[in-house]
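**Student:** I grabbed these lines from Swiss-Prot:
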| type | residues | note |
| --- | --- | --- |
| SIGNAL | 1-24 | signal peptide |
| DISULFID | 54-67 | disulfide bond |
| DISULFID | 61-72 | disulfide bond |
| DISULFID | 66-79 | disulfide bond |
């Protein structure tokens, strides 16, 4: 009886240890692509998009006018593409 309890305990402890090791290695692998992508797509201050004088698609149009090709929705106050029934 004692040997069976000890072997079950050791088996359970081994499975827990295996789970912890696998989880740790998987979390390290997940960080690597994030770091690589962030270094590839790092945006320099010179290349940042400048603030426009007009609001683009699905942007609020309360204070800014919509860019060309968009109209301000009277209901939602967003810039949307003009629909045929609105003309």
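Please read every residue number as a count from 1 along the shown chain.
Cβ from N, Cα, C; glycine included.
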**Student:** So for residue 79 (disulfide bond), how many other CB atoms are inside 10 Å of its CB?
**Tutor:** 22
**Student:** What three-state class does DSSP give residue 61 (disulfide bond)?
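**Tutor:** In the DSSP reduction, residue 61 (disulfide bond) maps to coil.
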**Student:** How many other Cβ atoms sit within 10 Å of the Cβ of residue 67 (disulfide bond)?
**Tutor:** 15
**Student:** Round to the nearest Å and give the CA-to-CA distance linking residue 61 (disulfide bond) with residue 79 (disulfide bond).
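**Tutor:** Rounded to a whole number, the Cα-Cα distance is 6 Å.
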**Student:** Between residue 67 (disulfide bond) and residue 79 (disulfide bond), what is the CA-CA distance rounded to a whole number of Å?
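**Tutor:** If we compare the Cα positions of residue 67 (disulfide bond) and residue 79 (disulfide bond), the gap is 8 Å.
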**Student:** Please work out the number of neighbouring Cβ atoms within 10 Å of the Cβ of residue 72 (disulfide bond), leaving out its own Cβ.
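**Tutor:** A 10 Å sphere around the Cβ of residue 72 (disulfide bond) contains 17 other Cβ atoms.
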**Student:** Just jot down the residues in the same chain as residue 54 (disulfide bond), at least 6 apart in sequence, with C-beta under 8 A of its C-beta; none if empty.
**Tutor:** 64, 65, 66, 67, 68
